[in-house]
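A quick write-up on the structure given underneath.
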Amino acid sequence: MYKKILVPMALDHGISPHTLEIAKALSAKGAKIVALHVYEMPQGSVSAYLDKDVVAEGFRAARTLLREKVSGLEGVQAEIVKGHTARTVIDFATQNKFDCIVIGSHKPGVSDYFLGSTASRVVRHAPCAVHVHRRL
């Protein structure tokens, strides 16, 4: 059983509620579970065309949605940070000394074989145990 569990959440996938259930099942009594959403800022030339207020509103909307997804779940804390998803999850887990990451993963497509998925990057570089919840 784990005492500090990190659950990275993609707000646009249906995997997250099931992944949180798995985290609760793996948690020790009194464990801390953090649902983390990494908000990726627009990159490259796209950012030149977006108003800063639009980007800020997107961040606020993501924070609100994350809070809604975890509301009513006892012992689950919502956190949102900006960054590159896989790298930020790994850094967050390292800095906050999590002993487990429970991450959802979709059925891999062709692009995943060439580029890799967020879950596969987290598995390869995480500082702790990683449980992958595959939704088929």
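Glycine residues also receive a Cβ, built from the backbone N, Cα and C atoms like all the rest.
Because the structure is a prediction, the values reported are computed rather than measured.
Copied from TrEMBL, the annotated features are:
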type   : residues : note
DOMAIN : 1-132    : domain 'UspA'
> Looking only at the domain 'UspA' (1-132), what are its DSSP counts of helix, strand and coil residues?
Replying inline: 61 helix, 38 strand, 33 coil
> Looking only at the domain 'UspA' (1-132), what is the mean pLDDT?
Replying inline: 87
